[in-house]
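So the structure is just underneath, and the comments pick up after that.
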Amino acid sequence: MTATGDRTARDATRQGLGSRFWRVLAAQSLSSVGTGLHLVALPLLATTYTHDPRVIAALATVAGIPALVLALPVGNLVDRTHRGRLMAYSDLACVLIVGALTLAVLADVAELWLLFTVAALLGVAELIFSTGLYALIPTIVPREHLLRANSHLAVGREVGAGGIGPALAGLLFTAAPALPFAINAASFAASAAAIGSFALRRDTRPNAPVPHTERPATGKARFAAYTADLTAGARFAARHRAIRTTLLLSAGAGLFGWMPEGILVLFARDELGASDVQFGLLMAVTAAGSVLGGLLAPLIAPRTSLAKLIVTTYLIYGALLLPVALTDSIWLVMAMFFAQGLPLIASSAAVQSAQQSLVPAHLLGRTAVLRRLINALTMPAGLTAGGFLGTWLSLDAVWLIAGAGFLTIVALSGPGLRNLAPDAAMQH
C-alpha cells in the first residue's frame, strides 16, 4: 500500500468503517432507490404506449445488455481512473438522462424508442457505478472490515432497489407519470453529492499503480496491447484457484438459483393456490430474510472463517430449495422463502470480500466485471432452463433439480476455497 493507503486503513480502523464509507453507503443507497424507481416506472410508462408483452419484456431486458457488451471495457476504465469521481460522474449522467425523460413525459412527447434509449443508458451508468463501488471499497475500508462494509452495502441496495424504490414508483406514477422520474433524478443528484463530498478532493485511484508500457508502433500491436489490458483480470482469475472458485460459485448460483424464478408465478398459482396478495408476500418475505441475514453476517463472521461462512450460506440456500417441492402449503413455502433469504446477502458479501482481499488493487475493476458478466449470462440461462424443465417434467421437479445442482456446485467448490484463509489472503 502507499502512504495514503496506510493512513486510510489506520483512520478507518480507529473510526470503525470511517466517514468516507458512510458517505459511500448513503450514496449507494440513494442510487439504489433511484434504480428501483425506474425499474418499475419505465415498464409502467411503457404500458401507456403498448400492451405487447414482447415489447415490455424487451424493455426489461435492454438494461442488462451493457453488462454483456461493455463489461470488460468498463472494468479497464475503472482501473485507470479516479473511482470515486467516476461514480459521481455516472450519477450526474443519470440525472441528465432521467431529467430529459421527465421533461419529455411532462411535454407528452415521450415515445417507446426514448424509453429503450433511457433503459440502455441507465444500464451503462449502473454498470460503471457498481464496478467503481466494488473497486473503491478496499481503498477506503481495511481488509478486516470488508465483510461488514459489503453487508451494509448489500442491505442498502436491497432495501433501496428491492423495497423503497419499487414501492414509491407505483404510488408516484399513479399520482403523476412524470413524478417518479423527477424523484429518480433527485436521488441520483443526492448520490453524486454524497460521493463528490470526498472523491472530488481526494485521489481514489488504485493504491498500486497500473503498469504502463510504451505505446505500440502499429495498429495491430496497439489492438493486442488493449486486448491484453481488457483481459488482465480474467488472466489473473484463471491463475488464482480461490478466485476461480468464487466465480464458479457465482455461476452456479446464477444458473441454479434462477431456475425456479422462471416458473415461480405458475408454481405459486397452480401448485400453491396463491392469491395475488400472497404472491406479493412470497417476494416480500425473501427480501426481509435477506436484509436480516445481511445485518447478522458481520456479527457471525468473527466466529468463523470466511471460507466456512461462504460454504455454510451456500449450503443453507441450496438445501432450502429442495423441500419447496414437497409441500402445497403457501404458508410453509413462505417460511422457507424467508429462510432462503437469510443467507443471500451474507453469501454475496462474503464472496465479494474474499475477492477484494485477494485481488491486487489495480485489477479490482477488471475482476469485478467478471462476476457481472457471469451473472448476465447465467441469469437468462437459468430462467430459460427452469421454463423448459417445468414444461418437460413438472414445476416441482424444477425445485429439486435446482437444489441438487446448487449443492453439487458447493461440494465441487469446497477444496478451492482453502486459499481464503487470512494468511493466504495476505500473501496475495
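Using N, Cα and C of the backbone, Cβ positions are placed for all residues, glycine too.
Features of the protein shown, as given by TrEMBL:
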TRANSMEM  21-49  transmembrane segment
TRANSMEM  55-74  transmembrane segment
TRANSMEM  86-107  transmembrane segment
TRANSMEM  113-137  transmembrane segment
TRANSMEM  158-175  transmembrane segment
TRANSMEM  181-200  transmembrane segment
DOMAIN    238-428  domain 'Major facilitator superfamily (MFS) profile'
TRANSMEM  245-267  transmembrane segment
TRANSMEM  279-299  transmembrane segment
TRANSMEM  306-324  transmembrane segment
TRANSMEM  330-351  transmembrane segment
TRANSMEM  372-392  transmembrane segment
TRANSMEM  398-417  transmembrane segment
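The listed stretches are 55-74, 158-175, 372-392; of these, 55-74 has the most Cβ pairs under 8 Å to the transmembrane segment (113-137). A contact links the transmembrane segment (279-299) to the transmembrane segment (330-351), because at least 3 Cβ pairs that are 6 or more residues apart lie under 8 A. Panel annotation: around the transmembrane segment (21-49), residues 12, 55-56, 59-60, 63, 84, 87, 91, 94, 98, 105, 110-112, 115, 118-119, 122, 126, 129, 133, 136-137, 140-141, 149, 152-153, 156-157, 159-166, 168-170, 172-173, 177, 180-181, 183-185, 187-188, 190-192, 194-195, 197-198 of the same chain, lying at least six beyond its termini, place a Cβ under 8 Å from a Cβ of the stretch. In this chain, the transmembrane segment (306-324) lies in contact with the transmembrane segment (398-417); the count of Cβ pairs under 8 Å, excluding pairs fewer than 6 apart in sequence, is at least 3. If you look at the transmembrane segment (55-74), the same-chain residues 6 or more away from its ends with a CB under 8 A from one of its CBs are 39, 42-43, 46-47, 112, 115-116, 119-120, 122-124, 126-128, 131, 230-231, 365-366, 369-370, 372-373, 375-377, 379. Cβ atoms under 8 Å from those of the transmembrane segment (372-392) belong to residues 64, 67-68, 71-72, 127, 130-131, 247, 250-251, 253-263, 266-267, 398, 401-402 of the same chain, restricted to positions at least 6 beyond its ends.
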